[in-house]
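Copied over from Swiss-Prot:
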type: DOMAIN; residues: 2-160; note: domain 'Obg'
type: DOMAIN; residues: 161-338; note: domain 'OBG-type G'
type: BINDING; residues: 167-174, 192-196, 214-217, 284-287, 319-321; note: GTP binding site
type: BINDING; residues: SER174, THR194; note: Mg(2+) binding site
type: DOMAIN; residues: 359-437; note: domain 'OCT'
Amino acid sequence: MSMFLDTAKISVQAGRGGDGMVAFRREKYVPNGGPWGGDGGKGGSVIFRVDEGLRTLMDFRYNRKFKAKSGEKGMTKGMHGRGAEDLIVFVPQGTTVRDAETGKVITDLVEHGQEVVIAKGGRGGRGNIRFATPRNPAPEIAENGEPGEERQLELELKILADVGLVGFPSVGKSTLLSVVSSAKPKIGAYHFTTIVPNLGMVRTKSGDSFAMADLPGLIEGASQGVGLGTQFLRHIERTRVILHVIDMSASEGRDPYEDYVSINNELETYNLRLMERPQIIVANKMDMPEAQENLKAFKKKLAAQYDEFDDLPMIFPISSLAHQGLENLLEATAELLAKTDEFLLYDEADLVDEEAYYGFAETEKDFEITRDDDATWVLSGEKLERLFVMTNMERDESIMKFARQLRGMGVDEALRERGAKDGDLVRIGKFEFEFVD
């Protein structure tokens, strides 16, 4: 049996490292001062942290982009730029993080307080003080900051509804769910309108959010497997609060109180613990004729079943179609959830083994060579492109250093083997230069 799945697609971008600085020491009594440019600060990483207080991924529907700050540039006197703070993103317990492009699982976040670096901040570029050598004591070389990692992610949260809607078919459960959430269940005036559970994420005006399930309609005999009863009951046993929806207009010709007793009998027959869940009675269709009189009769019959010292179940008169009484119902539901402990969450049958891919690093290719239609040689590859973006192309010494790095990686030799000749154009990104054999 599948669980409900809440999903969200987001983008994360770690901060860029600060650029290194080219600077020289110039003080009155220090002739021929050497390099004095400091390193750039590291970029902030994007870190996911588990918060057991979160129940849904609803917050990611409103905020889909997460970008950490960049590190500051290096300064004179060899001082490093300030590193950027990491961006902490809170996620619910049980969140699975996938790479949206490959579909691979990056990590499973299962423990409260667990942290995972989802996008690593870029390294700060080195200042010219780092490149001083006996042969070149005054280098005019500094690195640009390394770009931070950028990822498109898909978050999945296997969840079970906090709140379950129970009641006879056609009492208005699907309509209620569609009104208070973004769920779009199929709605019709016939029995077993809902044949599979529908899930909606509900947010109250006070900012609380919870998952509400509209479950397959229940009939007498469900606990013995009649109709869709077994499927219904296996879902409802995992909820923490039950909203018992009753058609107070009696439009189907049934007595509202008899409906209430019948449904509770099925819940008790299937599993005694179901009756331990706090239950709110939702008196629906109060905009219809006869509803007010039926509600009075219902309350009278209900009170007769309780001792004078017992607390009666809460009753909220509403009309889903007319949008009446919904705000008070949702606030009361959120308050009840806050003080209700969790019941059974998972069966062994619910747990799906799937291959997980942890970490980000795959085998990194140094470079690749292709040729455009205009005969330009095109260089690409993660390592090569990272070296390129960290090279300050406005300084000759930095360009010469980059050329030596390419030679050391074997790029020159590979171009010769592919047939490159002296004077051929070579392109990296938007930067073009001539190949010198």
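A Cβ is built for glycine as well, from the same backbone N, Cα and C atoms used for every other residue.
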Quiz item: Mean pLDDT, the domain 'Obg' (2-160)?
Solution: 90
Practice problem: Report, as a single number, how many Cβ atoms besides its own are within 10 Å of the Cβ of SER319 (GTP binding site). | Solution: 22
Quiz item: Judged by the number of other CB atoms within 10 angstroms, which among LYS173, LYS285 is the least packed of the binding-site residues?
Solution: LYS285
Quiz item: Tell me, how many other CB atoms lie within 10 A of the CB of SER174 (Mg(2+) binding site), whichever protein chain they belong to?
Solution: 24
Exercise. Would you mind pulling the DSSP three-state label for LYS173 (GTP binding site)?
Key: helix
Quiz item: So how many of the residues in the domain 'OCT' (359-437) end up helix, strand or coil by DSSP?
Solution: 30 helix, 17 strand, 32 coil
Exercise. Inside 10 Å of the Cβ of SER170 (GTP binding site), count up the other Cβ atoms and send me the figure.
Key: 19
Quiz item: Where does SER319 (GTP binding site) sit in the DSSP three-state scheme?
Solution: strand
